[in-house]
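Quick notes on the structure that follows.
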């Protein structure tokens with residue numbers, strides 16, 4: 001496919017780099033799965049503390065959430081990797097990878113879960129308390145399962161974003177999928193084929209995750225509710 | 001617009017002072033670093049009429065009225081950003097001179113920052129007219145782009161901490177080495193030292209910071225750049241025999257004969273005027289470094305040539 | 001003030017101006033294109049919806065970095081020349097409009113079906129139903145998530161730095177570059193801290209506005 005710029009499309013080129021792309025993809029999956037699991041855990045835990053209005057802790061959580069939600073993830077990544085060592089905290093690329101995704105996704109999920117928990121109607125909890133449940137027990141058996149289900153769609157959205165945003169690690173040269181592709185382009189100059197290839201990989205995985213998320217959401221949908 | 005800018009500046013300055021005051025920064029003392037300001041048009045001649053170098057300027061460039069050149073912004077003293085946030089250095093001065101030949105105006109020029117990893121993509125995607133970015137000639141690159149006649153030369157060496165036991169490339173086996181994505185140093189390591197684990201960055205400062213943070217035992221890069229970095233960082237030194245030594249050329253799109261012919265004619269013109277040597281001594285002030293690299297500067301009657309075989313010999 | 005602060009601050013200020021322009025352009029383009037695509041997504045005809053659905057799935061599904069690289073390096077190869085700023089606007093707006101479209105579709109479909117039917121019975125065409133009945137109501141529901149998206153879009157403009165646009169992040173990177181290469185400290189903590197602070201100051205009021213509005217709706 002020669003054209004104005006003298007560019008020749010060479011689809012066979014991708015096959016030669018499958019091995020490198022594969023190990024890049026593994027790193028992408030590694031940092032995003034830790035990041036996603038962590039973001040889920042942080043979200044539930046801090047979201048619960050926040051909705052239970054536990055003093056002090058609740059305000060600290062607000063500060064965490066607002067700082068991470070109102071600044072760009074890319075700048076957070078730069079800060080973690082290049083600036084923190086100046087004040088004595090040095091992390092590897094891998095650590096910055098999952099940690100930045102966890103902190104970012106966690107901040108959004110705290111909000112998602114808090115909103116979910118607060119959306120559970122007071123009547124349920126009161127009924128539960130009347131039956132003799134303690135406040136923590138009422139939370140665990142009523143607010144948590146119902147609230148988490150309400151929060152589920154926005155939570156899965158954020159988790160998929162965590163996966164997509166693992167590509168930001170190209171900025172700190174951590175060799176995940178995007179960085180691997182950029183490095184292959186740096187020596188082979190085949191920019192079209194390479195970005196087409198990883199575009200298809202990302203899109204395919206995001207599509208699979210959306211299917212999975214949809215199935216989970218349907219399974220846990222509150223019957224007749226909300 | 002200027003007042004708006006300065007207001008923004010005050011706000012941002014205040015923000016930085018606040019971060020400083022919050023006790024986050026260990027030191028705010030300014031270093032004795034001296035980045036010589038080349039001052040806009042560098043060593044270029046005054047505005048006048050275009051110079052006939054003996055070959056016509058391609059129509060496409062002529063109609064734009066500007067030369068767009070991909071240069072390094074992280075490679076002192078060849079291509080960097082000076083304190084006034086302007087591009088400066090040896091290659092920048094050459095670019096201004098080329099613009100002067102083309103349009104009679106040294107500032108009929110757009111300088112675009114490129115890195116080792118994206119410079120060829122910038123060229124093939126027509127974002128720039130030519131690459132002038134410390135690019136060594138290699139046979140592999142010459143398959144994708146066309147090289148002009150050479151105008152400088154460098155080899156790959158190692159930058160290590162002063163107290164490092166490493167003195168040669170042989171000692172890198174099995175270790176983690178910092179390099180720049182797409183740079184000759186990285187190509188050579190991939191080809192000749194497969195057991196070295198490369199940490200690839202895109203910018204020099206990232207690589208330098210990584211070396212200072214001990215994210216690798218050495219920073220493999222062109223000796224020309226490493227000498228400058230070592231001169232400014234007393235805790236670092238340059239070691240190793242130069243590998244993958246090869247001349248630098250400018251790059252134009254494959255098959256763009258008109259551009260290549262004009263460029264080579266313009267470079268010959270610069271050589272006749274002894275511009276390279278004059279400007280090199282202006283940008284590289286250390287006389288011992290000047291002597292070391294004197295043989296790599298094209299002067300009237302002394303030509304550089306590309307090697308015929310592979311430049312990436314182990 | 002330490003001597004390095006002045007030049008860095010004024011450089012960041014130039015970058016901030018670029019960031020602001022980019023954000024304005026992207027927000028306007030995303031809202032416009034997103035509302036259009038989102039409205040198409042609510043049409044009854046499957047064949048008309050399909051291309052809009054594909055548009056949304058592709059540009060929402062791809063990482064923004066990949067979109068930007070693609071627009072920046074691949075468009076010129078097929079003969080379309082856009083400068084760095086243009087490439088950033090197009091790339092970010094493709095992503096932004098796809099997300100706006102989803103919000104608009106969700107909001108329109110959350111308006112009870114009976115209202116559209118009543119309007120149809122009164123003789124309103126599709127455009128009339130959208131213009132006078134559905135969109136005004138949907139807009140109220142869509143406003144909080146749309147403000148959230150605007151905040152997100154403002155933050156994502158920082159990605160333009162990866163294709164070399166001299167925005168506030170790229171300006172900070174080049175300042176750190178210069179300070180590091182001249183042999184001194186990089187001052188990465190105060191410089192990147194200031195960049196974080198600038199984004200925070202811009203985004204926090206918008207986030208609070210979105211939350212306040214959302215609470216008012218309930």
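Just so you know, glycine gets a Cβ as well, placed from its N, Cα and C.
Keep in mind that TrEMBL annotations are predicted by a computer and have not been checked by a curator.
What you are looking at is a predicted structure, and each value in this text was computed from that prediction instead of being measured.
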Which range of C:122-145, C:146-169 is transmembrane segment in TrEMBL? It is C:146-169
Matching C:62-79, C:80-97 to TrEMBL annotations, transmembrane segment lands on C:62-79
Same-chain residues at least 6 beyond the ends of the transmembrane segment (C:62-79) with CB under 8 Å of its CB atoms are 87-88, 90-92, 94-95, 156, 159-160, 162-163
